[in-house]
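Reviewing the structure listed below.
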Amino acid sequence: MWTWFHRLASPPSFYRFADRVAPWLAVAALLLLGYGLFAGLWIAPKDYQQGDAFRIIYVHVPAAALSLSLYTGMAIAGVVALIWRIKLAECAIVALAPIGASFTALALVTGMLWGKPMWGAYWVWDARLTSELVLLFLYLGVIGLDQAFLDRRAAARACALLAIVGAVNVPIVKYSVEWWNSLHQASTILKFGKPTITAEMAIPLYASLLGAYLLAGMAALRRMQNEVLLRERRAGWVRELTAV
Amino acid sequence: MGEMFKMGGYEVYVWGSVLLGVAVYAWNLVAPSLQRRAVLARLAEGDEESSGDAS
């Protein structure tokens, strides 16, 4: 097991592994997302309170869940990069930031589109919404910091620090609906115990969630490969690969 | 069928969200390949101008 991890952590092995896995992730993600959206929009019953407006959940919840998961992944990669100086972890920080930023922006905008008909306002400076907006700024900070350095390793170290410091915001986003009075509802499915949602609504949601995670995984592998190519451009295996 | 698209009067919000969702999914699907193309082009040019990380 550990030898497998060690082998994978070497850039050429990782590159080949990502080449094999990424296409399958993309296909599975598209199938799950396609089913999730179709079933969520047309097959799932209306919500008894929110009517058809609740269907925004099939876009909003996967995006919001990913916004937190990807940031957590980025902060863990930051710790690994700073302590063990593993190059792949450095690549992961840089790769995850734009993906996370895109899903955080999606969660915010779809949240606004859901908030308007349900709460009567696109935006309120409420704990959940504000901390999610701070999360977007943290992602943008990591992207900006990465581009501010010519040296890829120095950039990754700076990004790692910001990612780790910013991780304090992750539990704040997650638990904001419990810690403070919020317009935002508490979690329906992402909690321990029995979900408080019917299976006809829940199954398309689980499919959308899994599909979005696989898509983000695919994008992360591909972006990490790009970063590996840039960093290893003087290595023999990259020269061979790009000479064709 | 038209009823299905009206989403009980919430069509702007629901379809707006779906459209944005599909756009973000599509961007995440395509952007890494576009980035790959740019990286390969940089490598093919020799990429001497940004060799600050030769360490």
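Please read every residue number as a count from 1 along the shown chain.
The backbone N, Cα and C atoms fix where each Cβ goes, glycine too.
Taken straight from TrEMBL:
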{"type": "DOMAIN", "residues": "A:21-184", "note": "domain 'Cytochrome c assembly protein'"}
{"type": "TRANSMEM", "residues": "A:21-44", "note": "transmembrane segment"}
{"type": "TRANSMEM", "residues": "A:56-84", "note": "transmembrane segment"}
{"type": "TRANSMEM", "residues": "A:91-114", "note": "transmembrane segment"}
{"type": "TRANSMEM", "residues": "A:120-142", "note": "transmembrane segment"}
{"type": "TRANSMEM", "residues": "A:154-173", "note": "transmembrane segment"}
{"type": "TRANSMEM", "residues": "A:201-221", "note": "transmembrane segment"}
Selected stretch (most C-beta pairs under 8 A with the transmembrane segment (A:91-114)) from A:56-84, A:154-173, A:201-221: A:56-84
Integer mean pLDDT for the domain 'Cytochrome c assembly protein' (A:21-184): 94
